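Positions annotated as N-acetylmethionine by Swiss-Prot: Met1. Per Swiss-Prot, the feature phosphoserine maps to Ser6; the stated evidence is similarity to another entry. The domain 'EF-hand 1' feature in Swiss-Prot is assigned to 96-130. Taken from Swiss-Prot, the feature Ca(2+) 1 binding site applies to Ala109, Asp112, Glu114, Glu119. Taken from Swiss-Prot, the feature Ca(2+) 4 binding site applies to Asp137, Asp225. Summarising the annotation, Swiss-Prot assigns domain 'EF-hand 2' to 139-172 and lists sequence analysis as the type of evidence. The Ca(2+) 2 binding site annotation in Swiss-Prot covers Asp152, Asp154, Thr156, Lys158, Glu163. Residues or ranges marked as domain 'EF-hand 3' by Swiss-Prot on the basis of sequence analysis: 169-204. According to Swiss-Prot, the feature N6-acetyllysine maps to Lys179, an assignment based on similarity to another entry. The Ca(2+) 3 binding site annotation in Swiss-Prot covers Asp182, Asp184, Ser186, Thr188, Glu193. Look at Swiss-Prot and you will find 205-233 tagged as domain 'EF-hand 4', backed by a curator's inference. Positions annotated as domain 'EF-hand 5' by Swiss-Prot, on the basis of sequence analysis: 234-268.
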Amino acid sequence: MFLVNSFLKGGGGGGGGGGLGGGLGNVLGGLISGAAGGGGGGGGGMGLGGGGGGGGTAMRILGGVISAISEAAAQYNPEPPPPRSHYSNIEANESEEVRQFRKLFVQLAGDDMEVSATELMNILNKVVTRHPDLKTDGFGIDTCRSMVAVMDSDTTGKLGFEEFKYLWNNIKKWQAIYKRFDTDRSGTIGSHELPGAFEAAGFHLNEHLYSMIIRRYADESGNMDFDNFISCLVRLDAMFRAFKSLDKNGTGQIQVNIQEWLQLTMYS
């Protein structure tokens, strides 16, 4: 994804991948259990800013979304992803937890050190089966393709080690938040619980954007299950980072041409 390149550096070249090794689900289940809590345009370009668009329902909706994201992006300050480093240079400085995670990654990814959407789906579904308190229909292939796309800095269609580790650390953090804000222990987060959960994850959104998210990711009763919660936060994280990387002067406005806009919206 062309925008992710500017803020997420990691990953290698790409071929096939490995399967789930023996005990892999158990080890990853342990890792995720240990998570800590908290935490419009013709011509050459298309301007995307804080104001609403003119003319037509589609432009009004787009203007509202961009306005909401520009406001929220100004308040979103996540930890930066790790820089690209050669394997041999970083191995000596890795903690024991990271070293074990790298071994795990090699088991999953195989010699090419890349994780495909199918492999990601398998491992996530393996993990959530160990957590009956998390209500989920399971991670589908389309959801995992979207997750890979927004994290795929080199557009190989797969995730390298740093990309996967960054995603995995976020999933651990968001899982803890999900459980903390599931106050009625229903296994889902209701619409009244969502604002607190999103703010704990670092996303301060307005009511209009919350309503759009609920219509897109929640069920008819307004409840969001675990896989939809994670899918939504992965998308928000990527879109906010993309916006902030392009808004270099902090004006709350960005300008992209039609090709950049299509790359941003189609490969995600």
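Every residue gets a Cβ built from N, Cα and C, even glycine.
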* Roughly how many angstrom lie between the C-alpha atoms of Glu193 (Ca(2+) 3 binding site) and Lys179 (N6-acetyllysine)? -> 11
* **Least Cβ-crowded entry, counting other Cβ within 10 Å, from the binding-site residues listed as Asp184, Glu193, Asp225** => Asp184
* Conformational class of Ala109 (Ca(2+) 1 binding site) under the three-state DSSP mapping -> helix
* Structure fact -> Note: among binding-site residues Asp112, Glu114, Asp137, Asp152, least Cβ-dense neighbourhood at 10 Å is Asp137
* Asked: Taking the Cβ of Thr156 (Ca(2+) 2 binding site) as centre, how many other Cβ atoms lie within 10 Å?
  -> 18
* Compare the C-alpha of Asp152 (Ca(2+) 2 binding site) with the C-alpha of each of the binding-site residues Asp112, Glu114, Asp137, Asp182, and give the closest one. => Glu114
* To do: From the binding-site residues Ala109, Glu163, Asp184, Thr188, pick the residue whose C-alpha lies nearest to the C-alpha of Asp225 (Ca(2+) 4 binding site).
  => Thr188
